[in-house]
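Please read the structure below before turning to the comments.
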Amino acid sequence: MACPMSATLCTILSLLPYNLEYQTPADLASPKQLHDGDVYDFIIVGAGPAGSVLANRLSEIPSWKVLLLESGGEELKLGEIPSFQPFLSQTRFTWNYTTVPDDRICAGAPCLWVTGRGLGGGSLHNNMVYNRGNRHTFDEWEQMGNAGWGYEEMIYYFRKSENNQDPLISRDKIYHSTKGPQTVSQFPYVDKNVKKIIEAFHELGYPDTDINGVNQTGVCLMQHLQKDGARQSSAKSFLYPIREKRTNLKIVTNVRVTRVIINPQTKEAEGVEYAWENKRDVKGKMFARKEVIISTGSMASPQLLMLSGVGPNKTLVPLGIDVIQNLPVGQNYQNHIESGSLNFTLNDTNTMMPNDEETLRDFLDYFTKRRGPLASEGFFDVSAYISSRYTDSSYPDIQIYFYPRVIYESDNERKEYLPPMCYYNTLSAVVFLMTVESRGYVTINTTDPFSYPLIYPNLLSEEKDMNALIDGYNFLLNNFSKSGVLIKNGIILDRTPLEQCKQYQYASDDYWRCHVSYNTAPVFHFSGSCKMGPSDDPTAVVDPQLRVHGIKNLRAADSSIQPKIVNGNTNAIALAIGEKAGELIKKSWIKNDI
């Protein structure tokens, strides 16, 4: 593909694939790191945000031996650059799942759904957004029978992790803390056009807001998991500072847990079976005196449970898996829905298309001072929260954000190029539905632990979800695009109909339904497939203590336990789940170990 950027930037980007795939000596893990049959107090499977927090908190007890097993490797320095986020997908830092095709999304083709792989999990490649979600969602969790998971209780766990470095936001001690391991702050660089977007929302009556404070409705510079212009993964926050200091914590990468060992008579989890990623014929077992905790995410956690004999009879029996506990594992699968490609053209003074000299300046600024455009995500840094017809301003269900794009003409064709996020010549508005009614499921059709599970997302199966998206598009068309601030600054909505939807009147409900079916992008907020609920909830997999129903000494602690997906980005809630899981486990065992 031709590169429409400066020659200097094109050369730099051509070198990225090699650098992103480079493996450090630590990544080429040796089977000698584990001794078959060793016994630990706790075995944590998965070092994503929740697993990283959990390993940190459990290893605070010096007498407890903790083993953290992760199928991926170490993060690279290049992954720290905020504007390089688009280049981190479909690399060795990600699992690249595909969904079962569905005509309602991704133009009827399989959607690519990417999750994190490596120490830090999703925090290695996501957009670093720190958005906890609305208090009403957590109160709904509690009303479902999950005592201790209401908002007033959960705010403690959010604050426990947080080290908020924003001088204004951090003043609010009710909602924020500066004492946790996870640095949270706004990017040090703010794009010139981001300020115009904020002014446009002000013109429409939307105030500045702290999305993690008392009210969400409004507009804001997003809070990010970053420090001094560099990505701050959960591994960097919770694992790297302690792994050389705590001899009771062992972290092993590039090892795949293939099954939880569960005694079928006592229904107790006893340990795990594993195989090495780069030497799959080298296998072994590790045992847990106290507990095994699964923290591998909303696709891999249900897959591992089912391979271990915990799941629906109708799924396991045909595969020859002995059913130890019949539970609705994989059901209640949820994801946020986003739909984009509502483009705004920019005049020449608004674009960010650097020449060679400007490119060199930007890279020099970043690598010497962690400042400049590369220390941001361009238009993506600003976000607004509004309400559809189904809710009010106390519980906004739509997030409006903007994605920077480079669109150009080549060989009489309109093409798109993927540069760092700080460079663009087009603004693409995205409608992001935070409160979803649709539910899908995750299942397996093989006993091979190295195969991907089957994902039936079932997005937009509920009419309410589609109508809410349409409300978002109508807001952009009828309100936002008419802002005097935008028009004055040459930021103009491109009203060209989508080619595949020209048979419908532009901006009619039928047009938007067609538009959505071709422009529903993957959101990496996979949730709910190991639902939390009390023992009398037939749809629950774990109880409010995160213990798998019917199985002793086995818990799940990641985004999969959400009974209803939070109406915010899911990294923050994963951290809080890890914090709460750590406290629940400590309360279960400390009294017995004193």
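Glycine is no exception: its Cβ is also placed from the backbone N, Cα and C atoms.
On a predicted model such as this, the values are computed, not experimentally measured, just so you know.
Residues or ranges marked as signal peptide in TrEMBL: 1-22. Under the heading FAD binding site, TrEMBL lists N126, N127, M128, V129, V257. According to TrEMBL, the feature domain 'Glucose-methanol-choline oxidoreductase N-terminal' maps to 297-311.
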Counting Cβ atoms within 10 Å of each candidate's own Cβ, which of the binding-site residues M128, V129, V257 comes out highest? V257
Return the average pLDDT for the domain 'Glucose-methanol-choline oxidoreductase N-terminal' (297-311) as a whole number. 99
Fewest C-beta neighbours within 10 angstroms among the binding-site residues N126, N127 belongs to N127
Give the maximum pairwise CA distance in Å, whole number, for the residues N126, N127, M128, V129, V257 listed as binding FAD. 29
Residue counts in helix (H, G, I), strand (E, B) and coil for the domain 'Glucose-methanol-choline oxidoreductase N-terminal' (297-311), per DSSP? 11 helix, 2 strand, 2 coil
